[in-house]
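A.B. asks: Got these off TrEMBL a minute ago, pasting:
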type: ACT_SITE; residues: His439; note: active site
type: REGION; residues: 1-46; note: region 'Disordered'
type: TRANSMEM; residues: 120-141; note: transmembrane segment
type: TRANSMEM; residues: 153-176; note: transmembrane segment
type: TRANSMEM; residues: 197-223; note: transmembrane segment
type: TRANSMEM; residues: 268-287; note: transmembrane segment
type: TRANSMEM; residues: 307-328; note: transmembrane segment
type: TRANSMEM; residues: 340-364; note: transmembrane segment
type: TRANSMEM; residues: 449-468; note: transmembrane segment
type: TRANSMEM; residues: 480-503; note: transmembrane segment
Amino acid sequence: MSTHDTSHTAVRRSRGRTESQRPAENGSVRQHDNHTNMSNTTLGKEDMERMKAELIRHVQSRLNELLERALSDSMQALCRDTHTDHTHTQDRHKPDQGKVFVARCSLLDELFEISHIRTIYHMFIAALLLFIISTLAVDYIDQGRLVLDFDLFYYAFGQLGTVIWAWTLMFAYTLLGPYYILSVWASLNHSRGWRTCVSALAALTLCAAQTSMLGIFPVYIVLHYQLPPASRFIIILEQIRFVMKSYSFIRETTPAVLKNTPQKGASLPYPSLSSYLYFLFCPTLIYREVYPRNPSIRWNYVGMNSLKILASLFYLYFILVRLCIPVFRNKSNQPFSTRTFILALFHASFPGMLMLMLGFYAFLHCWLNAFAEMLRFADRMFYRDWWNSTSFANYYRTWNIVVHDWLYYYGYRDFLWLTGHKLRSVATMSVFAVSALVHEYAFTLGFGFFYPVMFCTFAGIGVVFNFAMNDKRKSPVWNIILWTCLFIGQGIHVCLYCVEWYAQIQCPRTGTSFWELVTPRSWTCSYQ
């Protein structure tokens with residue numbers, strides 16, 4: 001009996017101790033679970049760090065491969081140019097004598113592969129949709145119906161039939177005129193007794209033909225037919241392009257003909273007509289007989305760039321309709337004053353900057369890449385990262401590589417050669433002056449009035465900024481200053497040209513004297 005009670009008491013004590021120990025055991029279990037979670041979190045962080053390190057190594061290896069490939073292609077191109085046989089060496093440009101074309105993609109095509117950059121692109125698309133929605137909403141409020149009126153397009157691109165046949169004549173001359181004049185001169189140039197006479201006669205004939213067909217003829221078409229603005233710009237810009245293309249062909253072919261004396265019975269090396277025809281359409285202003293070519297054409301890429309060009313035109317239309325025309329049409333009813341100018345300038349800065357970026361994207365990226373793809377032209381470096389520039393000197397070099405190369409090789413370098421590699425500052429200023437004159441010429445004939453805003457900002461302020469904000473400026477602050485100057489400059493252009501446009505409508509000229517033609521109407525027009 002006592003033994004049973006003792007054992008029963010021991011069992012109860014043991015059970016009590018067990019029950020009293022359970023909270024401690026539960027606490028230890030929780031601590032174990034927390035420790036396990038912390039270990040898992042630590043392992044997860046270590047895995048993330050390991051994956052991050054592997055990703056960085058992978059990206060670095062890919063970048064190294066791309067850099068090595070680019071360097072290898074460049075070296076191969078240099079080797080091809082320098083290690084050719086003797087009969088072709090004399091009429092080829094060495095790397096230190098001219099531009100070397102290398103197969104490479106456009107910078108924006110590479111940047112758009114990055115999701116962050118692509119998001120900025122999507123933001124611009126969203127802004128276009130916002131313009132469309134706001135235009136539809138205003139039309140619905142004002143007229144009680146949804147209207148998308150594109151009368152501005154119909155007006156700006158009027159008389160396209162005249163533009164087409166005038167362009168055809170200019171193109172036909174540019175293709176056949178310089179080519180066959182130089183061909184005849186090349187075939188007769190190496191005759192002993194008539195070399196000077198043949199050269200003088202060929203030069204006079206070429207100058208007369210160039211002046212007639214690429215100088216006087218386009219201006220006559222623009223003025224005689226009173227073309228609307230967009231049609232005017234098509235004719236004038238194509239005139240400038242044909243002049244630059246034909247000059248490059250003449251400039252590259254003439255030295256080769258003079259250096260190469262054909263052997264008896266051998267034909268004179270002269271460029272083929274097909275290579276010159278290809279040059280007239282490919283997106284470069286530097287003539288070469290051979291360019292790097294891609295193996296195939298990506299027609300979906302061509303189609304997408306064409307759609308982007310069309311979308312950019314609609315973008316420009318909505319910017320003009322929503323941000324420019326309503327404001328400056330009202331400004332035309334107000335007397336011109338300092339207050340009016342300041343308000344209009346800052347209002348025009350944002351649409352002006354949008355126009356600049358649209359022009360860059362639509363033409364320098366989409367248009368040139370579309371033609372390059374259709375022609376399998378492999379060198380797509382039409383611009384560099386001008387948006388990162390901390391100096392105006394670098395901005396001018398990287399904004400438009402196509403035109404910059406032409407100005408550099410045929411303007412700046414030839415000027416230095418003529419002056420014995422002296423007067424570099426004078427060479428730079430002369431290039432600025434030529435570029436400013438051509439820009440002003442295009443704007444004057446395109447808008448139909450003389451208002452030298454572009455010339456003053458380009459040849460005046462642009463030259464000052466080129467020397468003041470030079471390549472020594474590396475701080476990001478200078479990039480902010482550059483963008484601020486671009487905003488203000490575009491505001492000045494849009495403001496003054498729009499005010500003058502409506503002043504020409506409100507106060508048309510009554511005479512044809514020289515001073516009346518060159519005096520801006522916005523300075524003297526008194527609005528009623």
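Note that Cβ sites are derived from N, Cα and C of the backbone, with glycine treated the same way.
Keep in mind that what you see is a predicted model, and the values were worked out from it rather than measured.
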A.B. asks: Taking a Cβ cut-off under 8 Å, which residues six or more beyond the ends of the transmembrane segment (120-141) line up next to it in the same chain?
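C.D. replies: Apart from its flanks, the transmembrane segment (120-141) reaches 112, 147-149, 311, 314-315, 318-319, 321-322.
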A.B. asks: Between 197-223, 268-287, 307-328, 480-503, who has the most Cβ pairs under 8 Å to the transmembrane segment (449-468)?
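C.D. replies: Top-ranked stretch among 197-223, 268-287, 307-328, 480-503: 480-503.
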A.B. asks: When you measure from the Cβ of His439 (active site), how many other Cβ atoms are you left with inside 10 Å?
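C.D. replies: That number is 16.
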A.B. asks: What parts of the chain pack near the transmembrane segment (153-176), using Cβ distances under 8 Å and only residues at least 6 beyond its ends?
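C.D. replies: Same-chain residues near the transmembrane segment (153-176) but 6 or more away: 209, 213-214, 217-218, 221, 225, 227-231, 234-235, 238-239, 242, 245-246, 273, 276-277, 280, 313, 317.
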A.B. asks: Same-chain Cβ contacts of the transmembrane segment (340-364) under 8 Å, 6 or more residues past its ends?
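C.D. replies: Contacts with the transmembrane segment (340-364): 108, 308-309, 312-313, 315-316, 319-320, 323-324, 327-328, 331, 334, 382-383, 399-400, 402, 486-495, 498-499.
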